Each structure stands twice: as C-alpha cells, then as structure tokens.
Amino acid sequence: MLPVLTWIDKHSFEDEDEAEAGSCIYSLAFKPDGTQLLVAIGTRVIVYDPNDGSVLVSLRGHKELVYAVSFSFNGEKYASGSQDRTVILWSEQHEGLLKYSHNDAIQCLAFSPTSTTLISCAVTDFGIWTQSDKNVSKQKVHSKCTSCAWSTDGLFYAIGFYDGSITVRSLSGPTSTGEETARVERPGREPIWSLQFAQIITNEHVSSELLVIADWAQSIGFFTHEQGRLTHKSDKQLDYDPTGVHLFNNGCFFLCTGSNKKLNLQTVNAGDLGAMAQLDAWPWSMAVLKQRCVVVGCVDGSLACYQLMLNTIHALHKDRYAFRENQTDVVIQQLQKQKSTRIRCNDLVRKVAIYNNRLAIQLSDRVLIYRQLTGDKEGESLEYKLMDKINQNFECSLLVITSQHLILCHDRRLTCYDLRGIKQREWIMESLIRYIKVVGGPIGRETILVGMRFGLVCKIFVDNPFPVEVVRLKSMIRCVDISLSKRKLATVDEEGICVIYDTEKKEIINQEPNMASVAFNSANEDLVCYSGQGVLNIKSHWFTPYQQRLEPSQQGFVVGFMGKCVYILHMYSMQSLEIPLTSQLLQFLDNKMFREAYELASLGVTERDWKMLGSEALENMEFDVARKSFFRIRDCRSLLLVNELIEMKNRGSSINELKAHLYAHNKRFRDCVQLLQQMGAENVALEMFADLRMFEQAQEFLSNSSAETQKLLLRKKADWAQTSNDQRMLASVPELLMSSGDL
C-alpha cells in the first residue's frame with residue numbers, strides 16, 4: 001500500500017482569542033459522498049474540499065473549543081460538540097438547525113449509519129437525539145466518556161470511558177437510551193481513545209462484525225460483535241499511545257495514529273507493516289473515506305490528506321502466478337490446474353518472484369527462497385517448502401529468480417546473488433531499467449530480457465558479465481517480450497506503439513498503434529497477443545489479427561500467453577481468458593500451412609476444428625498431419641482411410657488415384673468420377689457405382705462416357721435386377737438386356 005500526499009494545510013487564526021485557544025484538530029468527519037470534510041479546530045467548524053484542501057466555509061457557532069464533529073448517514077445534516085456543553089445541528093447548507101446542551105463539556109458524538117439518530121457524550125452523561133423527539137434523552141455515566149461508535153446496522157452503540165471500560169447498548173430497551181447488552185473492562189484500565197465497528201466480508205458475504213478498541217495502555221483489542229454481545233478475539237500491543245484506529249480491507253489490517261507521530265499500517269494477526277507517513281506533531285484525529293483517502297489532523301493545526309494506493313505485488317511464469325494478499329501472505333496458483341496454496345509470512349511482503357519450481361519472497365529484512373514439492377501430478381495438492389534464507393535487507397525496485405540465482409534491480413544496476421546470498425556478478429546499464437523478465441535457458445545459465453528507459457533492449461546471460469544489445473528504440477520501454485525460440489522480439493513503448501522485430505534479420509515485422517501490453521505464446525513461436533483500448537488482438541505470421549472486445553472486468557495488461565489462455569492483470573486481480581483459435585487455424589489452412597496449423601491446434605481447439613484440420617490435410621496428401629489430427633479425436637474410420645491411402649502410395653499409386661479413393665470415401669462421387677475419367681479409368685468408376693448399387697447416379701455421371709462403358713453399365717444393372725426380389729426391377733430386365741445388345 002502506497003500513501004500519496006494529496007495536499008497539506010496548516011490553519012492559523014488572526015483573532016488573538018482564537019489563537020490563544022489553540023489550533024489542535026480534535027475531530028474530523030467526511031460527508032458520505034466525499035465532497036466535504038468537517039474539521040473541528042479551535043472554536044470553529046471548518047468545511048474543506050477534500051479534493052484540493054481548499055476551505056469552503058468557516059463556521060462560528062460555539063464559544064469554546066470544538067471537540068467533535070459528525071455527518072449523518074445521508075449527508076443532509078451534521079453535528080458539532082464543544083467544550084461549551086452544547087451540541088449544534090447544522091444543515092447541508094451550513095445553517096444552524098437546533099442546539100441542545102449537556103451538563104458538562106461534550107467529548108464525542110456520532111450519527112447512526114442508518115438513520116438521523118445522534119449520540120452525544122459528555123463528561124458525566126450521554127444523550128440520544130432523534131428527529132422525531134424534541135427532547136434529548138440523557139443518562140448518567142460512572143466515568144468520563146472518551147469515545148463512541150455505532151454498529152454497522154445502527155441497532156447498537158458503544159461508549160468508551162476514561163477508566164478503561166466499554167459499554168455496548170441497544171436502542172431498543174425499557175429506557176429511551178436503550179439497555180446495556182455488554183460491558184468490557186480493558187486490562188490496562190487506561191482511557192479508551194478510539195472505537196470502531198467494522199464488517200468482515202468473506203467470499204462476498206458478511207461473515208461477522210468486529211469492534212476495535214484502542215486504549216492508552218498501548219494496546220488494540222478486537223472483539224466479535226453479535227446482537228449486542230462481545231466475544232474477545234485478540235489483542236495487539238503497541239509501543240505508542242493510539243489516538244485513532246481504522247480497520248479496513250475486510251479486517252485484514254488497520255491504520256493507527258498515535259504518540260509516535262506516524263500514520264501506521266498494521267495487520268490484525270501479524271506485526272507492524274511500517275509507517276505510511278511521518279508527521280511533525282501528534283496526530284489527534286483521523287478520518288478515512290471508502291478505504292482510499294485518509295486525512296490526519298494534528299495538535300499543531302496541520303492537516304494532511306493521503307490517497308491510499310494498493311500496489312500490486314505479483315509474479316507470473318508460464319501458468320504459475322504468485323501474488324501478495326493481505327500485505328503479509330503470498331498466494332501461489334497454478335492457473336490451468338486451478339490449484340493454489342498460501343504462505344503466511346507474518347511480515348510485510350515487499351517483492352515476489354517465481355520461475356519454474358522456485359519462489360522468492362522479499363520481506364522487510366530478509367529474502368525467503370522456496371521450492372515446489374508437489375502439485376504437478378493430478379490429484380496432488382500444491383505445496384512449497386523453504387529451502388534457503390538470505391538475511392539481508394535489499395533495496396530493489398524489481399526482483400527475479402532463476403534456478404540457482406536471485407537477480408535484483410535498482411535504478412541502472414542489476415546484481416546477481418546465489419541462493420545463499422553470496423554476490424556473483426553485477427551489470428550496470430546505460431539508463432534506468434524499466435522491465436526485466438527471465439525467458440528461460442539452461443540451469444545456471446538462464447537468459448534475462450531487460451528493457452530500459454531510453455529504449456534499449458538487452459539480453460543478459462546469468463553466467464556472462466557482458467549484456468547483448470537486441471534492439472534500440474527511440475522512446476521509453478513500457479513492455480517487452482521475446483518468442484519461444486528467441487527469434488522475435490515484441491515491445492510496447494510509452495507512445496503505445498507495439499513493434500514486433502526479427503532479431504536475426506534486424507528488421508520490423510509488424511507494428512500496431514494504441515497498445516498497452518504484449519506477450520508471445522510460451523508454446524508457439526509465431527503466436528503473439530497484444531491489447532489496448534479494450535480490444536485483445538491475437539496475431540500469427542503476416543495474417544490479419546483476430547480481435548476480441550474485452551468486458552470492463554477483463555480490461556487490463558496482458559502479462560502472459562500460455563496455450564489458448566491469455567492472462568490479464570485487471571486492477572489487483574489476475575484474469576484468465578480462453579480464446580478461440582479457429583480464426584488462426586482457418587488462416588493457416590487457406591495458405592496450405594498444415595504443419596503450422598497442427599502446432600496451433602495443439603494449443604487447444606475443438607473436436608470440430610481437429611476434424612476440419614485432418615480432412616484438409618488429407619485432401620492435400622499431408623498424411624502425417626492428418627493421421628495425428630484424427631488420432632487426437634479418436635476418429636478410427638478416418639485413421640483407417642489414412643492408412644489405406646499410405647499403402648496405395650507405397651504401391652506406386654498416383655496422386656489422382658489417391659484423391660479419387662479419398663473422394664469416393666467422402667461420398668464426393670462427381671469429383672471422383674471426373675478424376676477417374678481424366679485417368680481413363682471409367683471402368684473403375686463403373687465398378688464403384690455397381691458395388692454401391694447407384695446405377696441412376698452412374699448414368700448421370702457417366703453420360704459422356706464411351707458406348708462400351710454405357711453397355712457395361714446396363715449389364716451390371718440387369719445382373720443386379722435379376723438377383724433382387726423387387727418385381728418392378730425384374731420386369732425391367734429384358735429392356736436392359738435389349739439396350740445393352742445382349743438380347
């Protein structure tokens with residue numbers, strides 16, 4: 001996760017009284033639609049535009065410090081609570097609607113997430129305001145209120161106290177403030193400074209709700225909440241006093257601010273993932289909008305807005321895909337076999353790399369090397385075992401692994417280590433490295449493809465200190481790939497131009513504009529896939545590319561092409577898309593490229609396509625391709641035909657004889673007769689029709705044959721009529737014999 005500072009502001013007051021009151025930002029609240037940000041600073045409520053940090057309006061309604069602000073669920077109202085013991089409700093147009101008071105200073109307040117019900121908490125009591133009731137129901141408390149929060153369904157609320165206790169109450173109860181359903185005493189007996197209810201979503205369904213409790217005993221408590229009852233789940237110790245906490249990403253990790261002057265990212269089950277931002281003063285308040293924007297307010301009046309960017313940490317080699325999940329786990333998938341396994345690292349995963357059965361995981365202070373134990377055979381589960389550990393904190397922007405080496409990229413420098421962490425060699429390139437990929441090779445001598453900022457593409461061999469220049473472009477490299485035999489290279493530059501080169505002839509084969517990514521097929525030399533502007537293109541040789549428009553959920557970067565599957569990285573997830581190869585197959589058949597067509601079909605085509613390929617190959621006397629094609633679909637009848645034709649060829653039969661036999665087998669009698677007539681073998685055609693008892697067709701096809709052939713046809717028909725039990729046919733025998741001259 002990367003925080004990007006959007007804007008920063010530090011408010012100062014010109015009025016001496018306001019300046020003397022202080023500029024601590026006690027509370028922050030987003031409007032639900034994200035268009036406004038409420039800031040409680042000094043005696044004012046200031047409304048900011050969260051997009052650029054500009055002040056929309058500054059409101060004066062309280063006489064003393066404002067401690068709390070909150071927006072209603074629909075954004076039509078908001079409330080502010082102050083040290084002057086009053087709560088003011090404001091309209092969406094920033095006009096005061098009503099005011100009510102408590103006996104002491106307001107400490108915190110919160111609107112229900114499902115209605116306009118407001119809970120306001122003071123030093124010695126708390127109250128419930130509803131739009132339908134003019135009177136505010138209040139109840140005394142045993143200790144000073146310090147924090148409050150609503151459950152996500154709006155049926156329960158929780159209040160944290162200065163003595164380290166928390167009460168959970170239901171809105172429905174015998175009193176107007178509801179009844180207590182649960183009470184928790186934190187072990188440290190220190191003030192409860194922040195509360196949050198959060199839904200935990202599993203497999204797109206809400207599985208549970210958590211109550212997160214931050215107290216000044218430097219701990220975070222996690223409790224499962226169900227219908228007002230709390231069940232302790234876990235605790236997490238900190239090394240600072242927390243002032244704000246926000247759980248997100250389905251309860252996997254949380255943001256926390258506190259006395260260490262940092263915006264901290266931590267996981268629920270593991271350790272500290274590091275500081276997202278370093279602040280100049282104590283952060284006293286925090287607000288998060290839809291898990292993508294966080295604003296932090298400090299005691300010195302400074303306000304900082306960050307955009308949270310969930311960067312993708314992943315690696316792909318053939319059909320093996322590894323990616324970071326929940327910041328501390330690595331999931332490995334075999335995409336074609338639909339197998340997966342998870343490695344729990346309990347530390348921030350910074351980089352992952354995968355190659356064949358090797359996996360590298362870079363953590364905060366070490367690199368773990370795994371190898372695959374099982375998973376290649378059917379029925380086996382996918383399993384990885386730790387084989388080496390490198391206890392070094394590497395600084396790198398890119399990381400790849402080979403069978404025996406680990407290669408790290410930092411700026412212009414590539415450094416090669418063995419799997420025990422011993423440095424082997426180093427390459428310093430002429431410009432910033434943008435792209436690296438292991439493209440195979442012998443064990444210990446693999447080839448790495450390197451694309452650089454200023455357009456240079458090089459090949460580096462792990463056992464060779466000298467890079468080999470492949471091609472030099474005029475613009476920066478965005479994406480690069482090389483074909484199976486290393487004879488073709490494809491690049492996409494910053495201008496979106498996809499260029500395919502012949503590395504031997506040093507010439508351009510093809511180029512396409514408006515592309516974002518490109519990948520060669522890992523099993524076919526000539527098949528390449530490139531995408532851009534929502535369209536996927538599959539191209540082979542010089543043929544017109546096959547185009548397929550992608551659904552919005554499939555649009556992304558093509559990162560791999562294996563068999564008939566294209567792997568597309570969409571946002572933060574990998575999509576596997578099966579593509580039809582019929583279009584390319586037809587292009588090969590039209591150009592009589594049967595061996596290439598067979599190689600393409602081997603990637604995965606339908607039974608109908610195999611039948612078409614076998615038939616076309618057989619008609620063109622490509623017996624080897626035809627036999628293998630029919631064998632794929634277990635077409636025994638066609639395989640027998642292939643063997644017959646091969647035997648005829650071995651006996652010295654001509655091509656026309658072979659084709660005539662094929663046409664007869666496929667019931668293409670007209671074509672068969674034409675060939676036989678060209679060869680002067682009308683008697684063979686006659687025998688064929690006689691055997692098939694197709695005398696009417698024979699008379700049609702042999703209408704231009706010699707008189708002797710015509711008479712022979714009539715004799716054959718008469719012989720057949722005499723042996724049949726059909727009285728009508730028997731009656732025609734004398735006529736047939738007379739026509740043939742035998743009677």
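Any Cβ shown, glycine's included, is placed from N, Cα and C.
Taken from TrEMBL, the feature domain 'IFT122 first beta-propeller' applies to 20-197.
Annotated domain 'IFT122 second beta-propeller' per TrEMBL: 314-574, in sequence order. The predicted model assigns the domain 'IFT122 second beta-propeller' (314-574) a mean pLDDT of 90.
The domain 'Intraflagellar transport protein 122 homolog TPR' annotation in TrEMBL covers 583-742.
The repeat 'WD' annotation in TrEMBL covers 59-91.
Within the same chain, residues 21-22, 24, 26-33, 36, 38-47, 97-116, 118, 120, 122, 129, 154 sit at least 6 positions outside the repeat 'WD' (59-91) and bring their C-beta atoms closer than 8 Å to a C-beta of that stretch.
For the repeat 'WD' (59-91), DSSP puts the residue distribution at 0 helix, 20 strand, 13 coil.
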